[in-house]
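**Q** Take this structure, written in structure tokens, and hold onto it; I'll ask about it next.
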Ligand SMILES: [Zn+2]
Ligand SMILES: [Zn+2]
């Protein structure tokens, strides 16, 4: 069963359950849960999988789950969805707005979860009919945003026996019905840096008797990113951007300490390795010039997601097969971080962007904003795409080196 057959099967399957899946997504959207607190979400997924005759296994910390579909001697392909929400207030006026103050699915993980659930139900049917040439490992991963959930899945043996892994993420810059694909790095490294400064405080009338800490901190905030951009190859796109700064409590008092926090993002592995030492040296030189003490905490975040070529070709074949010709479009590496990168350090695989924008829509809200929403037809697209991807990878995996000719597109950009 390939090509048109699979397309027809998926159409028939979705005709029967697409509105139920949209309802499932809206329910998750109304009840978002933060990383490692996704108890209700996990229960909802487990209930649906169990009802389909599958045997989900909840991860040791109690949120997120893993579930195998099919068995036999064939290859094992993993499909991963992240299930956590963000500490961002929902600003949308829709019937399914978040009911949890300050928390919402602003990154579309409710969509990823629903797409993988729909895919799971379809694959369970295929397995029952004896049409699954191998095993599919469903990974409903907690806590992508913290990050840390991917490491939790791996520590629980989630990748053991897995030959290839795939995942996808909502992309409001791509039209619904299409998927954005790229060979090589598709997301970036993202680290966290905290700078603490201290020095003698005092009256703002006499800054010369103090370290004039707020002024010095402001210098650090502007000098570090500026100097960094002159120390590294601009093609590495190493960027330091501050997200929080705090110092002082009164207009006429110079404080004796302050703090700034930000993220360091980088497209290039070499620059990523050099970043902590370089930032520390720059920090020390600016701090010394203003006579303040400065300390830096540098926390390594996620590695870049680096898509394997053969896996991307499978994604292309799946997209062109069930979504139609031209459904896969080139996409660019983003400066966003994604903990899927950790999986790809262990097994080959690829990560795709799922279009969520209604064609012609002037300005779709970006992810991580309280206004972010999707064109819900992307759920059906996602199920078609992910199910076809799993089957394609199993078919190709069964015949190493003799797989059918894959559709090659020029994805250079
Ligand atoms: Zn996110
Ligand atoms: Zn996300």
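Keep in mind that glycine also has a Cβ here, set from the backbone N, Cα and C atoms.
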**Q** Please state which member of 169, 203 TrEMBL lists alongside 107, 109, 145, 368 for binding Mn(2+).
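**A** Site partner of 107, 109, 145, 368 for Mn(2+), according to TrEMBL: 169.
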**Q** Limited to the domain 'Peptidase M20 dimerisation' (193-289), I'd like the whole-number average of pLDDT.
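**A** On average, pLDDT over the domain 'Peptidase M20 dimerisation' (193-289) sits at 94.
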**Q** Taking ligand 1 as the reference, state which of the binding-site residues 107, 109, 145, 169 have a Cβ closer than 6 Å to one of its atoms.
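**A** Among 107, 109, 145, 169, near ligand 1: 107, 145.
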**Q** Neighbour count, 10 Å Cβ-Cβ cut-off, for residue 145 (Mn(2+) binding site): what number do you get?
**A** 22
**Q** Beyond the listed site residues 107, 109, 145, 169, 368, identify every same-chain residue whose Cβ lies within 8 Å of the center of their Cβ atoms for the Mn(2+) site.
**A** 82, 84, 86, 105, 106, 108, 144, 170, 367
**Q** So, in DSSP terms, is residue 145 (Mn(2+) binding site) helix, strand, or coil?
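**A** In the DSSP reduction, residue 145 (Mn(2+) binding site) maps to coil.
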